[in-house]
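Everything on this sheet refers to the single structure shown next.
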Amino acid sequence: MATDLGAVLGAARAQGPRRARGRRADRLPRPKLSRRGRTEARFFWLFVSPWLVGFLGFLLGPMIASVYISLTEWDSFTPPVFVGLDNYVQALTGDPVFWQALWNTFYYAAISVPLGLAVGLWLANLLNKRVRGRKFFRTMIYLPTLVPLVATAMVFKMVLAPSGPLNDLLGLVGVEGPNWLLDPLWVKPALIVLSAWGAGSATVLLLSAMNGIPREFYEAAEIDGAGPFRQFWSITFPQITPIIFFNLIMGLIGAFQIFSQVYILTQGGPDNASMMVVPLLFDQAFGFYHFGYASAVAWLLFVVIIGFTALAFRTSRRWVFYETEVR
């Protein structure tokens, strides 16, 4: 009797998991959408379809086509010829202009991005004080960012001309101004100074972040005897690090993709001293009709941007402070 009972229990244990798995396998039927739910779903796809069509037709589609074109030799007049990775090998090993353009882009990004952040942070800290006419100065600082970049570059081209206003001012104090846009030594600094012209957008974002810091923090710091510099370094800076990080990422991406300023002011000269990666691929594509090589350069630039962006996100854990973090 005990043996029979043990056999029955053993069989039940063996079949139990199977039955449980069988019950889990029997999925419940998907509930049908109500009439209102179906209507909302139709409206969802209706409103999202313009973005979806634009994304597929003007972003994802060209990106996929660019990957294929980078593996071919194509001049847009004859059928493309598949060459594999030859365009990438040519850029990395056989084109010194590519490496010079990449170095110039690194140089420009390494100086222009910190300079823009420093200028924006300085202006935002000044405007954060309770001074008369703060709204007026805030508007005037942001106003240059509303001017089209092409128009700004044309104005700077006249200012930096050999007989332009800048050299005239230097001549008044007995300094002979250089040929800013035709001297290899000065052309990159001129482009970097032009980049600081657009620091107004970063200033507005940083100022908005500063206005969101509770005043109680500063009042408590003043009671403890902290001076203005100590308050900025210990209170203001940690609170606005997310906005600084955002401006850093956007600044890096924009610096690596610089095009209009270079093409209008110097077209990469003199002697490729101001040639950047995007003007290089533009010349290769629409000047020499090397669309395959230009696409390969574009994807190499994409890898560089992704690498620096990933590095920035990796290092942000050490200095970016989020209030929602649990430490």
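Backbone N, Cα and C atoms are what each Cβ position is placed from, and that goes for glycine too.
Look at TrEMBL and you will find 102-312 tagged as domain 'ABC transmembrane type-1'.
What TrEMBL records for 1-31 is region 'Disordered'.
The transmembrane segment annotation in TrEMBL covers 43-69 (among others).
For the transmembrane segment (106-127), the list of distant contacts is 134, 137-138, 141, 188, 191-192, 195-196, 198-207, 210, 232, 236, 244, 247-248, 251-252, 255-256, 258, 276: same-chain residues at least six beyond its ends, Cβ to Cβ under 8 Å. Taken from TrEMBL, the feature transmembrane segment covers 106-127 (among others).
If you look at the transmembrane segment (139-160), the same-chain residues 6 or more away from its ends with a CB under 8 A from one of its CBs are 123, 127, 166, 180-181, 190, 194, 197-201, 203-204, 260-261, 264-265. What TrEMBL records for 139-160 (among others) is transmembrane segment.
Per TrEMBL, the feature transmembrane segment maps to 186-207 (among others).
The annotation transmembrane segment is assigned in TrEMBL to 243-266 (among others).
The annotation transmembrane segment is assigned in TrEMBL to 286-313 (among others).
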Chain residues in Cβ proximity to the transmembrane segment (186-207) (below 8 Å; excluding those fewer than six residues from its ends, i.e. six or more beyond): 104, 107-108, 111-112, 115-117, 119-121, 123-124, 127-128, 138, 141-145, 149, 152-153, 156, 160, 178-180, 240, 243-244, 246-247, 251, 255, 258, 261-262, 265-266, 269-270, 273-274
